[in-house]
Amino acid sequence: MTLTCGTGLRARMAERSYSRRGRSLSLSRLLQIPFPTLRHHARSPATALRAGRGPELSPSSTAMDEEAKSGPKSDTNTNAAAAAEAAAAAPLSPSSSSEAAEREAKVEGAAEEGEVVERLVELVGEIAAISDFRNPYRRQFCNLSRRIRLLVPMLEEAKEAPAPLPVASEAALRRLREALDAAGELLRLGSSGSKIFLVLEREKIMKTFQDITARLEQTLAGISFDELNISDEVREQVELVHAQFKRAKERSDSSDDDLFNDLMFVYNSSSSASVDPDILRRLSEKLQLITIYDLNQESVTLHEMASGGDPGAIVEKMSMLLKRIKNFVQTQDPEMGAQASTTDVSHKDNSTCPSIPDDFRCPISLDLMKDPVIVATGQTYERGCIERWLEAGHDTCPKTQQKLPNKSLTPNYVLRSLITQWCEANGIEPPKRSAQLSNAPKPCTAAEHNNVVELLQKLSSQNLEDQRGAAGMLRQLAKRSAENRACIGDAGAIPILVSLLSTTDISTQEHVVTALLNLSIYEENKARIITSGAVPGIVHVLKRGSMEARENSAATLFSLSIVDENKVTIGASGAIPALVQLLSNGSQRGKKDAATALFNLCIYQGNKGKAVRAGLVPILLELLTVTESGMVDEGLAILAILSGHPEGKAAIGAASAIPVLVGVIRNGSARNKENAAAVMVHLCNGEQQQQHLAEAQEQGIVSLLEELAESGTDRGKRKAIQLLERMNRFLKQQSQAQAQAEAMAQAHAQAQAQALVQAQAHAQAQTQAQALVQPQAQAETQVERSLLPTSSSHIPD
């Protein structure tokens, strides 16, 4: 999702001289957590292999198959949890023992309730920091690590779930923690363990992979997204990870048989001289034991295994194999040992550097990025590489080949921070940007410093004219150059400016808030502005200032919100309702500023509900219906973010948004169609799914989705295909329901016809009975009359 500005707006923003950075930061990147430093001390390899199995997993493959079929279990590695599980599975004991066990389990659960999610986040951070898998199982280790890292957004949202957690959800999270503990041990073994050991114990390694994969798959299957209040977008990502674990559990990866056979051949050979040099060369290359540093590290690892109590026979075998490989390597390069003695081990050569994550490489140069920037399509490149691409006359995105609507480059501060943290965790010097050297602010001269000090003295005076004039001069100076912004910030101007935000003089207030806006462009000033308590004052101006002051207040909040921590601070200050108000009744420039600020703030999950409760959704839908407003791009981008939040989805559905969204899919730009489809995917999932799908069908969305699935953007195609699948299921269900209703109606009609036939038969039978009874009655009447005396017999003589 990308917010873009028109050329007219860029011209109007020239006076304020700040760039709208961070608009294209993807949700997935912003949700990444800082990765702690890698723990170098790992448990022994044997311990790591044992950690792959829960208490009920036996070493045999049969036990693993039975465990995989039985569904999720309460795997655990702690004594207390194992005891509780055993007590639950054991036959009933006397009441006193069962009550004591139950009380103990409850006390233990209450003590850990608030720590489960936090520990899960820490575990994923530790796993993410393990990145150097230079061994024959690199693909399996990397896949396991990547899938676990994709669980971060779910855990971040689970931290905000209502407390206390339901019992089932808490138990599921505990099982996840135990599975991640085992996965972390295995990954640490793959990163810092013996490479020879991994090959010799290949069957145990692959068995451990299968065990951990099965545990993670079962655990994810038992997590209730509704109880943890997980958004639809994150839910889709976790479901994808779960499907990958399920496929991996059912698929058995094969190990390198040739490598194992070569190792065993070398081990069984009587001497190194009798071994084919080609075999030793293959071993050296496949095991990546090429330099003296590699060999020394492997030797240290074997020594730690021996001192850690691992079986002596396997260590002795590995030591002999390592010695023969080392002899071969030194024979090929006799100077290697001398070089090692004069080289600091901490300065690794290129062959021993950790594998760089793909996300940290520039798609053009494939090198570690120093100054990552985002283009209009949302892709990230090294600044120098993409600048050369654009200077060569290209107007497309190198990776997606989409036409670039503009050539603006937005610094990706979050990715740069992650790269720096990764470098520090792996003992690598963080890359220095070329711009960091050429464009770094130069120290201001003594005359410039004195000029700023004089202005600050006037700004601190009680004379209104002096304050107004000094604030205006600082505003102009901060606009001109980075050197001025650094000089003003270093001189201590920010706290004085913040104190004047509440002034009643309109001009002074406008100068002050705009000066803070210009100063916030310099990274160090962002922290100074926040720590000086400026946010409440900026929000005050946003609510009650002149239109120009309100516009610049919104722009300042956007500039500050580029830093993730500031999103939380700004959201808690009451700024969101004021920004929504500016979006509703502000000037055109004010609406743009409010929209960009709201977009950036709503990337943080905790701010989405606040924006919805402030009435943002109806305003956004109104902007979508007025194409002359020029706010369709911004409105859809914000709606796409809010639709992944439960409150946002409910508000969008209640606002009758389906016709508007279908209209955008029909007539909007490629990017707008993509965002509209993304909103529809969220709406057509959940309790109101049938209702929304029926309404969308009435609007003629099916043919539009088929077209989007053929010719839309990559993300638009995915969303269109998801909607078509749901629509097809809905139409199939609707057809089945209609056929069932028709069958029931037909059966009812047949029953009525049958009842009518029975009624007619009954009436005919009654008529026939009456016809038989009537002659008999007449005969009886005649008999009775014949028995009566005649009248003449009673006349007297």
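Note that Cβ sites are derived from N, Cα and C of the backbone, with glycine treated the same way.
If you look up TrEMBL, you'll see 41-111 (among others) marked as region 'Disordered'.
What TrEMBL lists as compositional bias 'Low complexity' is 80-99 (among others).
Residues annotated as domain 'U-box' in TrEMBL: 355-429.
Residue counts for the repeat 'ARM' (492-534) by DSSP state, with H, G and I taken as helix and E and B as strand, are 31 helix, 0 strand, 12 coil. According to TrEMBL, the feature repeat 'ARM' maps to 492-534 (among others).
Averaged across the repeat 'ARM' (574-616), pLDDT in this predicted model comes to 91. Residues or ranges marked as repeat 'ARM' in TrEMBL: 574-616 (among others).
Under the heading region 'Disordered', TrEMBL lists 767-797 (among others).
Annotation comment: TrEMBL describes 767-779 (among others) as compositional bias 'Low complexity'.
Per TrEMBL, compositional bias 'Polar residues' is recorded for 788-797.
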Who are the long-range neighbours of the repeat 'ARM' (492-534) in its own chain, taking Cβ under 8 Å and residues 6 or more past its ends?
16-19, 441, 452, 455-456, 459-460, 464, 467-468, 471-472, 474-475, 478-479, 482, 485-486, 540-541, 545-546, 548-549, 552-553, 555-556, 559-560, 562-563, 566, 569
Quick check on the compositional bias 'Low complexity' (767-779): DSSP residue counts for helix, strand, coil, in that order please.
13 helix, 0 strand, 0 coil
Could you give the number of helix, strand and coil residues in the domain 'U-box' (355-429) as assigned by DSSP?
25 helix, 12 strand, 38 coil
In the repeat 'ARM' (574-616), how many residues does DSSP call helix, how many strand, and how many coil?
35 helix, 0 strand, 8 coil
